[in-house]
Amino acid sequence: MLLSHTRWKIRDFLTGVTSGLEGGMPVESGSSAAARQAKQKRKSHSLSIRRTNSTEQERSGLQRDMLDGQDSKLPLSLRSNLLDLFSQIEREFENLYIENLELRREIETLNDRLAAEGQTFEGADLAKGALKTKASHSTSQLSQKLKTTYKASTSKIVSSFKATTSRAVCQLVKEYVGHRDGIWDLSVTRTQPMVLGTASADHSAMLWSIETGKCLLKYMGHQGSVNSIKFHPTEQMALTASGDQTAHIWRYMVQLPTPQPVADISQTPCEDDVDFSDKDEADVEVDGPNDCPSVRVATTTLRSHQGVVIAADWLVGGKQVVTASWDRAANLYDVETSELVHSLTGHDQELTHCCTHPTQRLVVTSSRDTTFRLWDFRDPSIHSVNVFQGHTDTVTSAVFTVGDNVVSGSDDRTVKVWDLKNMRSPIATIRTDSAVNRISVSVNQKIIALPHDNRQVRLFDMSGVRLARLPRSNRQGHRRMVCCSAWCEDNTSCNLFTCGFDRQAIGWNINIPALLQEK
């Protein structure tokens, strides 16, 4: 009914517009009268697929009737183009409607078949009671899964008409393009000059000018995918972790280019851009920066892991670093001597991330075993560990806030906020519709940026209230899963950065006062 109503509403609207331009009331043509009669008939009878799948000849005939039956000042070619556009919209809705009808039939058929199987189990011997219970459970699970699939497909139509209210202004400022494969991680330097660093599966890490988007330096010392990048708190040194089972520390020297005048980009309210296509765009081959200087030799190479090094970070002070690996261990190294200080074991499966506290000697490690662990090195004689259990799938990242909180994200589509003084249960839980990757929390306002597998980036506060969704459409935003987010509140042009497997990083300007105005 939604589809048919939309079709006739579009045609009536077009008829009213063409007549209204002449200053008169819309004149009821023969096709309009037939349309109203058909609409009356559909109220008492279900819409058939045969009617929905009207042929192109019928559409073109209807267009000719409308063009001939209306006297308009609009050029004939313009009116024809308008009708063609509305016809394309109509065809898209027709396809969705047919798909929904087919899903309904599949659900009904499977439900009938499952119900019949359930009757067979009920008539079986009492000794098979356990089998009956298991079959009933499987039946209900499959039925629920089918209903969820159907609901997800129909939500595409509903979301096209759903009105949303923007509570913030989120503006895409700069795109950083040059990697030849997906970007896993990104970070911003803590010292001047302020630059953006990206770590990519193309075996390289790049440093970028935030204002101009130009590549300033390319590190090519790894033999595998570069999985993370972090900068020294006080010196021009970078720490990268790689699939070649090593972590590298390397020095950089960059000179910022002269800033170019920033183009006037109209502000885009969050959530107002509707993406009418879920299809991924074709991969675009991007030529790497030819004039970008490169570094190929590390100052320090950290070896001792027996698997992929998935992440690394500097401890407060910058004299030690911690690495996380797929060998289920995290290692603590001395930067000056490159010696292994501690091996942090205890996780049952591969590690996915590690993070250090900005002001204290605390480390948190995440793992595929659905837990994350807090390691305390504040007392040199005692190295305590606390285990946080609250997720049901891989914990993709866990990060510290400036205070006494840890925020964890997971493939179970939830984000949880924890108090370090009470680790039994989270103080807030954020439930989303897609797996969450490497999250970031702003220092001043404690806004959580959630990068998702479904190409979206959402912003929440620490209490779990959703603040905004960054605009994404076929014209802007990420075209593949978003792997990481990083705040940089000290930068005036871009205060949030995201990267993904579409080979690009994006700099955003988030109007934080507007974001928190209606909180």
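Including glycine, each Cβ sits where the backbone N, Cα and C put it.
Taken from TrEMBL, the feature coiled coil applies to 86-120.
Per TrEMBL, compositional bias 'Polar residues' is recorded for 46-55.
According to TrEMBL, the compositional bias 'Basic and acidic residues' annotation covers 56-68.
Here TrEMBL flags 21-68 as region 'Disordered'.
DSSP places the residues of the repeat 'WD' (176-218) in helix, strand and coil in these numbers: 0 helix, 23 strand, 20 coil. Annotation comment: TrEMBL describes 176-218 (among others) as repeat 'WD'.
The annotation repeat 'WD' is assigned in TrEMBL to 219-250 (among others). Across the repeat 'WD' (219-250), DSSP classifies residues as 0 helix, 18 strand, 14 coil.
The repeat 'WD' annotation in TrEMBL covers 302-343 (among others). Counting residues per DSSP class in helix, strand and coil order gives 0 helix, 23 strand, 19 coil for the repeat 'WD' (302-343).
The repeat 'WD' annotation in TrEMBL covers 344-385 (among others). Note on the repeat 'WD' (344-385): DSSP counts are 0 helix, 26 strand, 16 coil.
Feature annotation from TrEMBL assigns repeat 'WD' to 388-428 (among others). Under 8 Å from some Cβ of the repeat 'WD' (388-428) lie the Cβ atoms of residues 352-353, 355-359, 362, 364-368, 370-374, 434-441, 443, 446, 448, 450, 460, 462-464, all in the same chain and six or more residues away from its ends.
Shown for the repeat 'WD' (388-428): DSSP residue counts in helix, strand and coil, namely 0 helix, 22 strand, 19 coil.
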